[in-house]
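A short worksheet on the structure shown next.
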Amino acid sequence: MYVQQASKSKCKVAIKPLELENTKEPPLNLYKPKGPYTASIVSVERIVGPKAPGETCHIVIDHGGNVPYWEGQSYGVIPPGENPKKPGAPNTVRLYSIASTRYGDSFDGRTASLCVRRAVYYDPETGKEDPSKKGICSNFLCDSKPGDKIQITGPSGKIMLLPEDDPNATHIMIGTGTGVAPFRGYLRRMFMEDVSSFKFGGLAWLFLGVANTDSLLYDEEFTNYLQQYPENFRYDKALSREQKNKSGGKMYVQDKIEEYSDEIFKLLDDGAHIYFCGLKGMMPGIQDTLKRVAEQRGESWHQKLSQLKKNKQWHVEVY
Ligand code: FAD
């Protein structure tokens with residue numbers, strides 16, 4: 001199957017089937033762990049450079065149009081084999097944010113893409129990798145080959161759905177590592193696909209935190225949007241092992257948030273949506289920064305946060 005990646009032209013790509021726009025509610029849990037859908041792998045591509053710590057792969061799955069989903073949802077994957085904690089029982093489901101739009105990277109509604117980081121285990125005493133303790137599902141996915149079968153469940157999740165009621169809204173996306181996955185889906189829908197019912201004219205602002213330049217994910221795609229839609233897209237990167245923050249420490253996404261805090265707070269006051277996705281550990285540092293900035297502005301972060309939640313502007317999916 002031909003999988004089209006980033007286009008250099010501003011001309012948007014035609015998508016099908018158009019019926020995927022017709023439903024009012026997102027598809028939810030069409031396939032459950034007891035009755036998963038058997039899909040097949042289209043491609044597995046390592047998408048980080050040689051100096052990235054760890055490996056991240058872009059995996060395209062052919063679901064034949066049978067497991068439709070919306071941008072921001074996740075699929076479950078049941079890796080083959082026995083659950084090591086429950087001998088005799090199958091492995092449990094692992095969730096992965098979908099990194100494509102509902103039309104998939106092939107623009108025909110038949111595929112879904114995942115952005116998976118291979119989980120490895122380093123012995124804390126020797127510092128050496130212990131392959132017997134490597135992550136089961138992420139390694140299964142990153143090692144799979146075109147044509148391999150894969151058991152999927154879902155789609156699941158509503159919290160990260162892209163609100164489309166106002167096509168001119170602002171969307172501030174904060175992602176670390178594979179947390180960029182749902183944002184890649186949003187941005188393709190906004191800037192790459194010709195969706196008649198969603199003509200995006202607002203602002204999408206992506207903050208992406210990774211270790212170094214080689215660890216950047218989908219950078220070419222995002223850089224293309226910057227060139228094509230400079231009025232509608234902003235893209236800020238925090239490279240913790242290459243850049244320094246203003247105090248001389250490592251540059252994390254919260255340092256970038258702080259740098260632009262006046263603009264971010266103003267956009268939130270004007271109704272912007274803010275999304276966070278990535279490892280759980282990213283949230284405390286971000287929350288501390290937002291709280292500190294709010295206090296410097298003479299605002300109560302506690303009140304602001306509850307208002308943002310009440311207005312459905314606050315979207316968090318961390319794992
Ligand atoms: P597991 O086999 O579940 O192991 C978990 C960890 O334990 C690994 O680091 C492993 O090395 C370690 N381990 C194994 N055995 C031992 C032992 N004996 N002692 C100590 N440690 C051990 N991940 C992504 O990469 N991309 C995504 O887009 C993504 N989206 C997600 C979305 C949601 C909503 C959620 C909840 C999670 C998401 N995840 C995502 C995480 C994903 O679901 C898995 O948790 C992850 O891939 C690890 O699963 P695994 O089967 O590879 O590791």
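Just so it is clear, glycine is given a Cβ too, placed from its N, Cα and C backbone atoms.
Owing to the predicted nature of the structure, the values given are computational and were not obtained by experimental measurement.
The feature domain 'FAD-binding FR-type' is assigned by TrEMBL to 34-162. According to TrEMBL, the feature NADP(+) binding site maps to Ser97, Arg117, Thr178, Ser240, Arg241, Lys250, Gly278, Leu279, Glu317.
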Secondary structure composition of the domain 'FAD-binding FR-type' (34-162) [DSSP: H/G/I, E/B, coil]: 11 helix, 46 strand, 72 coil
Binding-site residues whose CB lies under 6 angstroms from ligand 1, from Thr178, Arg241, Gly278: Thr178
Taking residues Ser97, Arg117, Thr178, Ser240, Arg241, Lys250, Gly278, Leu279, Glu317, which bind NADP(+) in the record, the widest Cα spacing (Å, whole number): 27
Stretch-averaged pLDDT - the domain 'FAD-binding FR-type' (34-162): 97
Binding-site residues: Gly278, Glu317 - member with fewest neighbouring CB atoms within 10 Å: Glu317
DSSP three-state assignment for Arg241 (NADP(+) binding site): coil
Local backbone state of Thr178 (NADP(+) binding site), from DSSP in three classes: helix
Cβ atoms near Ser97 (NADP(+) binding site) (within 10 Å, other residues, all chains): 26
Sparsest Cβ surroundings (other CB atoms within 10 Å) among the binding-site residues Thr178, Arg241: Arg241
